[in-house]
Amino acid sequence: MTRDPVATARTLSEALPYLQRYAGAVVVVKFGGNAMGDEAAMAEFARDIVLMRQVGVNPVVVHGGGPMINELLGKLGIKSEFVRGKRVTDKATVEVVEMVLSGLVNKRIVQAINDQGGRAVGISGKDDDLMVCVADDPELGFVGKPVEMNVQVLRDLYNAGIIPVVAPVATGMADNETFNVNGDTAAGAIAGALQADRLLLLTDVAGVKDASGQVLSQLTPSQVREMVATGTISGGMIPKTETALAALDAGVRAVVILDGRIPNACLIEIFTDEGAGTIIRSTEPRIKPRIR
(Lines of atoms letter the chains of each structure in order from A; the text may use other names.)
(Lines give C-alpha, C1' and ligand atoms only; values in the text may rest on other atoms or scores of the structure.)
Protein backbone atom coordinates (compact mmCIF):
# COMPACT_ATOMS: atom_id res chain seq x y z
CA MET A 1 0.00 0.00 0.00
CA THR A 2 1.36 3.41 -1.04
CA ARG A 3 1.28 6.00 1.71
CA ASP A 4 0.72 9.69 1.01
CA PRO A 5 3.69 11.47 2.65
CA VAL A 6 1.76 14.74 2.82
CA ALA A 7 -1.12 13.07 4.67
CA THR A 8 1.34 11.36 7.01
CA ALA A 9 3.04 14.68 7.78
CA ARG A 10 -0.33 16.34 8.36
CA THR A 11 -1.34 13.60 10.79
CA LEU A 12 1.88 14.04 12.75
CA SER A 13 1.44 17.82 12.79
CA GLU A 14 -2.15 17.55 14.04
CA ALA A 15 -0.95 15.29 16.85
CA LEU A 16 1.41 17.96 18.22
CA PRO A 17 -1.02 19.43 20.81
CA TYR A 18 -1.65 15.95 22.16
CA LEU A 19 2.03 15.05 22.23
CA GLN A 20 2.62 18.21 24.29
CA ARG A 21 -0.41 17.54 26.47
CA TYR A 22 0.57 13.96 27.32
CA ALA A 23 4.30 14.43 27.75
CA GLY A 24 5.06 12.83 31.12
CA ALA A 25 1.45 11.71 31.66
CA VAL A 26 0.64 8.34 33.21
CA VAL A 27 -1.78 6.24 31.16
CA VAL A 28 -2.96 2.91 32.58
CA VAL A 29 -4.13 0.48 29.88
CA LYS A 30 -6.22 -2.60 30.65
CA PHE A 31 -5.53 -5.12 27.87
CA GLY A 32 -7.95 -7.99 27.47
CA GLY A 33 -10.59 -9.54 25.29
CA ASN A 34 -10.21 -11.38 22.01
CA ALA A 35 -7.15 -9.35 20.98
CA MET A 36 -5.09 -11.26 23.55
CA GLY A 37 -5.43 -14.49 21.57
CA ASP A 38 -4.47 -12.94 18.23
CA GLU A 39 -0.73 -12.65 17.59
CA ALA A 40 -1.12 -9.86 15.04
CA ALA A 41 -3.40 -7.88 17.38
CA MET A 42 -0.98 -8.44 20.26
CA ALA A 43 1.92 -7.14 18.15
CA GLU A 44 -0.08 -4.08 17.10
CA PHE A 45 -1.05 -3.35 20.70
CA ALA A 46 2.59 -3.69 21.75
CA ARG A 47 3.68 -1.32 18.98
CA ASP A 48 1.17 1.30 20.17
CA ILE A 49 2.42 0.99 23.76
CA VAL A 50 6.05 1.35 22.65
CA LEU A 51 5.19 4.42 20.58
CA MET A 52 3.43 6.00 23.55
CA ARG A 53 6.53 5.42 25.67
CA GLN A 54 8.78 6.77 22.91
CA VAL A 55 6.94 10.12 22.74
CA GLY A 56 7.04 10.67 26.49
CA VAL A 57 3.89 9.00 27.82
CA ASN A 58 4.28 6.64 30.79
CA PRO A 59 2.09 3.62 29.96
CA VAL A 60 1.30 0.99 32.59
CA VAL A 61 -0.27 -2.19 31.20
CA VAL A 62 -2.64 -4.32 33.29
CA HIS A 63 -3.97 -7.46 31.65
CA GLY A 64 -6.63 -10.11 32.00
CA GLY A 65 -6.55 -13.62 30.63
CA GLY A 66 -9.98 -15.19 31.05
CA PRO A 67 -10.01 -17.27 27.84
CA MET A 68 -6.58 -18.75 28.60
CA ILE A 69 -7.64 -19.53 32.18
CA ASN A 70 -10.79 -21.27 30.93
CA GLU A 71 -8.75 -23.30 28.45
CA LEU A 72 -6.30 -24.59 31.04
CA LEU A 73 -9.01 -25.27 33.62
CA GLY A 74 -10.80 -27.34 30.98
CA LYS A 75 -7.67 -29.33 30.24
CA LEU A 76 -7.25 -29.99 33.96
CA GLY A 77 -10.87 -31.00 34.38
CA ILE A 78 -11.68 -28.09 36.71
CA LYS A 79 -15.15 -26.66 36.10
CA SER A 80 -15.51 -22.87 35.70
CA GLU A 81 -18.32 -21.21 37.65
CA PHE A 82 -19.42 -17.58 37.57
CA VAL A 83 -21.58 -15.48 39.88
CA ARG A 84 -22.83 -12.12 38.54
CA GLY A 85 -20.21 -12.26 35.81
CA LYS A 86 -17.29 -12.91 38.17
CA ARG A 87 -15.30 -16.13 38.34
CA VAL A 88 -15.78 -18.30 41.43
CA THR A 89 -12.21 -19.05 42.50
CA ASP A 90 -11.54 -21.94 44.85
CA LYS A 91 -8.09 -23.07 46.01
CA ALA A 92 -7.44 -25.23 42.95
CA THR A 93 -8.66 -22.55 40.56
CA VAL A 94 -6.60 -19.73 42.06
CA GLU A 95 -3.42 -21.75 41.53
CA VAL A 96 -4.28 -22.12 37.84
CA VAL A 97 -5.21 -18.43 37.62
CA GLU A 98 -1.84 -17.38 39.02
CA MET A 99 0.00 -19.79 36.74
CA VAL A 100 -1.75 -18.45 33.63
CA LEU A 101 -1.77 -14.74 34.48
CA SER A 102 1.67 -14.33 36.05
CA GLY A 103 3.32 -16.88 33.79
CA LEU A 104 1.92 -17.47 30.33
CA VAL A 105 -0.06 -14.30 29.63
CA ASN A 106 2.20 -11.80 31.38
CA LYS A 107 5.34 -13.02 29.66
CA ARG A 108 3.68 -13.09 26.24
CA ILE A 109 2.80 -9.41 26.57
CA VAL A 110 6.27 -8.54 27.88
CA GLN A 111 7.87 -10.37 24.96
CA ALA A 112 5.57 -8.66 22.46
CA ILE A 113 6.55 -5.22 23.78
CA ASN A 114 10.24 -6.09 23.80
CA ASP A 115 9.96 -7.43 20.24
CA GLN A 116 8.73 -3.98 19.16
CA GLY A 117 11.80 -2.29 20.62
CA GLY A 118 10.38 -1.41 24.03
CA ARG A 119 11.64 -2.29 27.48
CA ALA A 120 8.99 -4.14 29.48
CA VAL A 121 9.09 -5.87 32.85
CA GLY A 122 6.35 -8.21 34.02
CA ILE A 123 5.21 -8.23 37.64
CA SER A 124 2.12 -9.27 39.57
CA GLY A 125 0.15 -7.59 42.32
CA LYS A 126 2.17 -9.66 44.78
CA ASP A 127 5.49 -8.04 43.89
CA ASP A 128 6.56 -5.44 46.44
CA ASP A 129 3.00 -5.70 47.84
CA LEU A 130 1.71 -3.74 44.86
CA MET A 131 -1.85 -4.86 45.68
CA VAL A 132 -3.06 -6.22 49.01
CA CYS A 133 -6.61 -7.58 49.04
CA VAL A 134 -9.51 -8.74 51.12
CA ALA A 135 -12.15 -11.16 49.85
CA ASP A 136 -14.56 -9.36 47.52
CA ASP A 137 -17.53 -11.68 48.18
CA PRO A 138 -17.73 -14.94 50.16
CA GLU A 139 -19.60 -16.54 47.25
CA LEU A 140 -16.64 -15.91 44.95
CA GLY A 141 -13.94 -17.56 47.06
CA PHE A 142 -10.43 -16.27 46.40
CA VAL A 143 -11.50 -13.19 44.43
CA GLY A 144 -9.89 -10.11 45.87
CA LYS A 145 -10.78 -6.47 46.36
CA PRO A 146 -7.69 -4.22 46.58
CA VAL A 147 -7.54 -2.32 49.88
CA GLU A 148 -3.87 -1.34 50.03
CA MET A 149 -1.72 -0.19 47.12
CA ASN A 150 2.04 0.30 46.87
CA VAL A 151 2.64 1.74 43.41
CA GLN A 152 6.16 3.05 43.99
CA VAL A 153 7.55 0.03 42.14
CA LEU A 154 5.56 1.13 39.07
CA ARG A 155 6.90 4.68 39.33
CA ASP A 156 10.44 3.35 39.66
CA LEU A 157 9.98 1.31 36.50
CA TYR A 158 8.46 3.95 34.24
CA ASN A 159 10.81 6.65 35.52
CA ALA A 160 13.62 4.35 34.35
CA GLY A 161 12.04 4.11 30.90
CA ILE A 162 10.58 0.66 31.51
CA ILE A 163 6.98 -0.32 30.72
CA PRO A 164 5.38 -2.21 33.66
CA VAL A 165 3.10 -5.11 32.72
CA VAL A 166 0.95 -6.17 35.69
CA ALA A 167 -0.78 -9.52 36.23
CA PRO A 168 -3.87 -9.07 38.47
CA VAL A 169 -3.13 -11.54 41.24
CA ALA A 170 -2.52 -10.27 44.75
CA THR A 171 -1.78 -11.18 48.35
CA GLY A 172 -4.49 -11.33 51.02
CA MET A 173 -4.22 -8.89 53.90
CA ALA A 174 -4.98 -11.33 56.70
CA ASP A 175 -3.27 -14.58 55.80
CA ASN A 176 -1.07 -14.06 52.72
CA GLU A 177 -3.38 -16.19 50.59
CA THR A 178 -3.33 -15.65 46.82
CA PHE A 179 -6.29 -13.77 45.34
CA ASN A 180 -7.53 -13.44 41.79
CA VAL A 181 -8.43 -9.81 41.05
CA ASN A 182 -10.70 -8.80 38.18
CA GLY A 183 -8.49 -7.16 35.55
CA ASP A 184 -10.64 -4.03 35.24
CA THR A 185 -10.78 -3.68 39.03
CA ALA A 186 -7.00 -4.01 39.29
CA ALA A 187 -6.43 -1.47 36.51
CA GLY A 188 -8.79 1.01 38.16
CA ALA A 189 -7.13 0.62 41.56
CA ILE A 190 -3.67 1.08 40.04
CA ALA A 191 -4.79 4.10 38.02
CA GLY A 192 -6.30 5.69 41.12
CA ALA A 193 -3.21 5.08 43.22
CA LEU A 194 -1.02 6.59 40.49
CA GLN A 195 -3.44 9.52 39.96
CA ALA A 196 -3.25 8.62 36.28
CA ASP A 197 -4.22 11.03 33.56
CA ARG A 198 -6.10 8.31 31.68
CA LEU A 199 -7.41 4.81 32.26
CA LEU A 200 -8.09 2.98 29.00
CA LEU A 201 -10.29 -0.12 29.32
CA LEU A 202 -9.91 -2.15 26.11
CA THR A 203 -12.91 -4.40 25.43
CA ASP A 204 -14.64 -6.26 22.60
CA VAL A 205 -17.34 -3.60 22.17
CA ALA A 206 -17.21 -0.11 20.69
CA GLY A 207 -18.09 1.70 23.91
CA VAL A 208 -21.10 2.56 26.06
CA LYS A 209 -24.33 2.57 24.05
CA ASP A 210 -27.56 4.49 24.52
CA ALA A 211 -31.03 2.93 24.46
CA SER A 212 -31.06 2.94 20.64
CA GLY A 213 -27.72 1.13 20.42
CA GLN A 214 -25.64 4.14 19.40
CA VAL A 215 -22.18 4.49 20.94
CA LEU A 216 -21.89 7.58 23.13
CA SER A 217 -18.65 9.52 22.73
CA GLN A 218 -18.68 11.03 26.22
CA LEU A 219 -20.49 10.77 29.52
CA THR A 220 -20.39 12.31 32.97
CA PRO A 221 -20.53 10.18 36.14
CA SER A 222 -24.10 11.31 36.83
CA GLN A 223 -25.17 10.25 33.34
CA VAL A 224 -23.56 6.84 33.87
CA ARG A 225 -25.40 6.33 37.16
CA GLU A 226 -28.70 7.29 35.54
CA MET A 227 -28.13 4.86 32.64
CA VAL A 228 -27.37 2.04 35.08
CA ALA A 229 -30.49 2.84 37.12
CA THR A 230 -32.70 2.77 34.01
CA GLY A 231 -31.13 -0.42 32.67
CA THR A 232 -29.61 1.24 29.60
CA ILE A 233 -26.22 0.12 30.86
CA SER A 234 -26.48 -3.57 31.68
CA GLY A 235 -24.65 -6.89 31.70
CA GLY A 236 -20.89 -6.83 31.39
CA MET A 237 -20.80 -3.07 30.90
CA ILE A 238 -21.95 -2.49 34.50
CA PRO A 239 -18.69 -3.60 36.18
CA LYS A 240 -16.67 -1.61 33.63
CA THR A 241 -18.58 1.58 34.38
CA GLU A 242 -18.32 0.83 38.12
CA THR A 243 -14.55 0.63 37.67
CA ALA A 244 -14.62 3.91 35.76
CA LEU A 245 -16.57 5.75 38.47
CA ALA A 246 -14.35 4.38 41.25
CA ALA A 247 -11.24 5.45 39.33
CA LEU A 248 -12.61 8.97 38.83
CA ASP A 249 -13.45 9.19 42.54
CA ALA A 250 -9.85 8.15 43.29
CA GLY A 251 -8.44 11.00 41.21
CA VAL A 252 -8.05 9.65 37.67
CA ARG A 253 -8.70 12.48 35.22
CA ALA A 254 -10.70 10.45 32.69
CA VAL A 255 -11.60 6.86 31.82
CA VAL A 256 -12.19 5.59 28.30
CA ILE A 257 -14.02 2.37 27.41
CA LEU A 258 -12.99 1.45 23.86
CA ASP A 259 -12.79 -1.40 21.38
CA GLY A 260 -9.37 -3.04 21.60
CA ARG A 261 -9.97 -4.84 18.29
CA ILE A 262 -9.70 -1.55 16.37
CA PRO A 263 -6.19 -1.06 14.96
CA ASN A 264 -4.24 1.59 16.90
CA ALA A 265 -7.16 2.17 19.29
CA CYS A 266 -4.94 3.58 22.05
CA LEU A 267 -3.21 6.01 19.69
CA ILE A 268 -6.52 7.18 18.21
CA GLU A 269 -7.82 7.89 21.70
CA ILE A 270 -4.76 9.70 23.00
CA PHE A 271 -3.46 11.57 19.97
CA THR A 272 -6.46 12.54 17.78
CA ASP A 273 -9.39 14.93 17.93
CA GLU A 274 -11.87 12.13 17.30
CA GLY A 275 -10.78 9.85 20.12
CA ALA A 276 -12.17 6.32 20.40
CA GLY A 277 -14.95 4.69 22.38
CA THR A 278 -16.67 6.42 25.30
CA ILE A 279 -14.83 8.84 27.57
CA ILE A 280 -16.17 9.30 31.10
CA ARG A 281 -14.97 12.37 32.97
CA SER A 282 -16.09 15.01 35.42
CA THR A 283 -14.05 17.92 34.05
CA GLU A 284 -13.55 19.65 30.72
CA PRO A 285 -10.77 18.21 28.54
CA ARG A 286 -7.43 19.96 28.22
CA ILE A 287 -6.58 19.43 24.56
CA LYS A 288 -5.11 22.76 23.49
CA PRO A 289 -1.35 23.33 23.21
CA ARG A 290 0.30 25.13 26.08
CA ILE A 291 0.42 28.92 25.58
CA ARG A 292 3.74 30.54 26.37
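Glycine is no exception: its Cβ is also placed from the backbone N, Cα and C atoms.
Per Swiss-Prot, these features apply:
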type	residues	note
SITE	Lys30	site 'Transition state stabilizer'
BINDING	Gly65, Gly66, Arg87, Asn180	substrate binding site
SITE	Lys240	site 'Transition state stabilizer'
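Projection of Swiss-Prot feature records onto the structure.
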| residue | record | DSSP class |
| --- | --- | --- |
| Lys30 | site 'Transition state stabilizer' | strand |
| Gly65 | substrate binding site | coil |
| Arg87 | substrate binding site | strand |
| Asn180 | substrate binding site | strand |
| Lys240 | site 'Transition state stabilizer' | helix |
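Counting neighbouring Cβ atoms within 10 Å of each of the binding-site residues (Gly65, Gly66), the lowest count belongs to Gly66. Counted within 10 Å of its Cβ, the other Cβ atoms near Asn180 (substrate binding site) come to 28, all protein chains included. The distance from the Cα of Arg87 (substrate binding site) to the Cα of Lys240 (site 'Transition state stabilizer') comes to 15 Å. Lys30 (site 'Transition state stabilizer') is 16 Å away from Asn180 (substrate binding site) when you measure Cα to Cα. Looking at Lys30 (site 'Transition state stabilizer') and Gly66 (substrate binding site), their Cα atoms lie 13 Å from each other. Counting every protein chain shown, the Cβ of Lys240 (site 'Transition state stabilizer') has 22 other Cβ atoms within 10 Å. In the structure shown, the C-beta of Lys30 has more C-beta neighbours within 10 angstroms than that of any other entry among the recorded positions Lys30, Arg87.
Across the structure, Gly65 (substrate binding site) and Lys240 (site 'Transition state stabilizer') are spaced 16 Å apart at their Cα atoms.
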